[in-house]
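If you look up TrEMBL, you'll see 211-222 marked as compositional bias 'Basic and acidic residues'. Taken from TrEMBL, the feature compositional bias 'Polar residues' applies to 224-238. The domain 'Major facilitator superfamily (MFS) profile' annotation in TrEMBL covers 20-451. Taken from TrEMBL, the feature region 'Disordered' applies to 206-238. Feature annotation from TrEMBL assigns transmembrane segment to 21-45, 61-81, 88-106, 112-139, 146-165, 177-196, 266-287, 299-319, 331-351, 357-379, 391-410, 422-445.
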Amino acid sequence: MSQGEAAGRGTAKPQDQGWAWMVLLAAVVLQGLTLGFPCCIGIFFTDLQHEFQASNSETSWFPSIMVAVLHGGGPLCSILVKRFGCRFVVMLGGLLSGLGMVSSSFCKSISQLYLTAGLITGLGSCFSFQAGVTVLGYYFVRWRTLANAVASTGVSLGFTLWPLLSQYLLDEMGWRNTFLIFGGILLNCCVCGAIMRPIQLASGSLPQSAKPEEEPGSRAEEAQLSNGASPHHSTLQQHTKRTKCFQVLQKYLAFDIFCQNKGYQIYTIGVTWMMMGFALPHVYLVPYAIHNGVEERKAALLISIIGFINIFIRPFTGLLSGHRVFTGRRIYLFSLAALLCGLSNFICVISAEFSVLILYCVILSIAMSGIGALTFQVLMDVVEMDRFSSALGLFTILESTTLLIGPPLTGLLVDITSDFHYVFYTSSFFLISAALFMGLSFCALEKKNKLREASKAHLDNPSRYQYSEMSTESKAVSQPPPAVEYITSI
């Protein structure tokens, strides 16, 4: 019996049980291979500078392009997911990632690295990562918050293991052979994709459907335009093309949600601004430590410390945020984590001693655990799940813009001033301002919604308020009106 027939006969949904946990395990490995991988690029920063005689700004374009494409390829990934399904897209991403790193081992200039390791590997990582996140949303409902938090521990594992492996291989066989080996390791994304088999739920459609969904009314509009002859036939055809173009953008980039959903709008703008400074410590922490006399092996260990602590903190953050007390309030936890992340950067400004940098990594990893565990959960809170893939596409393509330009611009500032402290000043500015913007904006939005609900309650129950107006003044003082009782009960 096929899977579709099973769903049609009302079999149990494969959510939150059975094979869903194998999919979660695959997602953990997948996020370690994709999101965790760029953290080790800082290990090769100095060697690539010497190899290609490049400046800080030129060298930082390489990881910036990789991370920006990893996040910004969301719309293309969304189209492929809706057309071919999550399994195919994850495996395609694994092939591209491996191909990109193998090609990088033969590069003769830093600009070639932009194309191979930056564009090709970044795009492959994007396909594997975002398709894996999307399928988790359908395999888990009740335990979705926990599943996202557990899956994000894969990033922590990647942060722990990639730098250690990178430094060892770099010392033993150089960066070219290391990149060649990395290409083989990233091919394991294909194995993770094979585990993510498609499911079909009776309650709705999934992105694993073989055919793309059609927008409501598109066929009817097409029929109306093709049936009757019109003197303005060419004008109607142009209008139809524009309408279809708009529908495609609306379907895969979620501009309609961005314009109509204030929560999604605030969150997307805040995270986009935050990413301008979020990636800076990951790119420049190791070069900063080496520049201040820390041994290369100890400098590489700093990134591993961040990842190791995240392994334990992220599941705890996921469990904590999944409590009913934080339902509808996870954005405030996210803002608090971003604020702490920004404040922690000032520790590096105080001193570059190895012991101080370890303290910085501990505090930064705690803050990062909140950001990593809650980023996609908050997005799932502010948009409906059936539009999550499209909302994720627009969300990631906007943040990829700032991820792309942040490190190179900061690298240019370091080249001009020869002072690495500007890396952490810049990072703190963007993180702290973004945290305050999101927290205060959602607080104001929540108050506005409560006032709107109170106004609606007043219009729906006029008789209750007429009774209050007819009451004596003493009763009005001793007993609050029903509207106040209704507001405080929410």
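The backbone N, Cα and C atoms fix where each Cβ goes, and this holds for glycine too.
Contact between the transmembrane segment (422-445) and the transmembrane segment (266-287) is supported: at least 3 Cβ pairs lie under 8 Å, counting only residues 6 or more apart in sequence. Cβ atoms under 8 Å from those of the transmembrane segment (331-351) belong to residues 263, 267, 270, 274, 277-278, 281, 285, 288, 317, 320-321, 357, 359-360, 363-364, 366-371, 374-375, 378, 381-382, 421, 424-425, 427-432, 434-436, 438-439, 442-443 of the same chain, restricted to positions at least 6 beyond its ends.
Two recorded stretches are said to be in contact when at least 3 C-beta pairs lie under 8 angstroms, sequence spacing 6 or more; the transmembrane segment (391-410) and the transmembrane segment (177-196) fall short of this definition.
Only sequence-distant pairs (6 or more apart) were considered; of these, fewer than three Cβ pairs between the transmembrane segment (146-165) and the transmembrane segment (177-196) are under 8 A, so the stretches are not in contact. Using the rule of three or more Cβ pairs under 8 Å, pairs at least 6 apart in sequence, the transmembrane segment (357-379) is in contact with the transmembrane segment (266-287). Mean pLDDT for the domain 'Major facilitator superfamily (MFS) profile' (20-451) in the predicted structure: 83.
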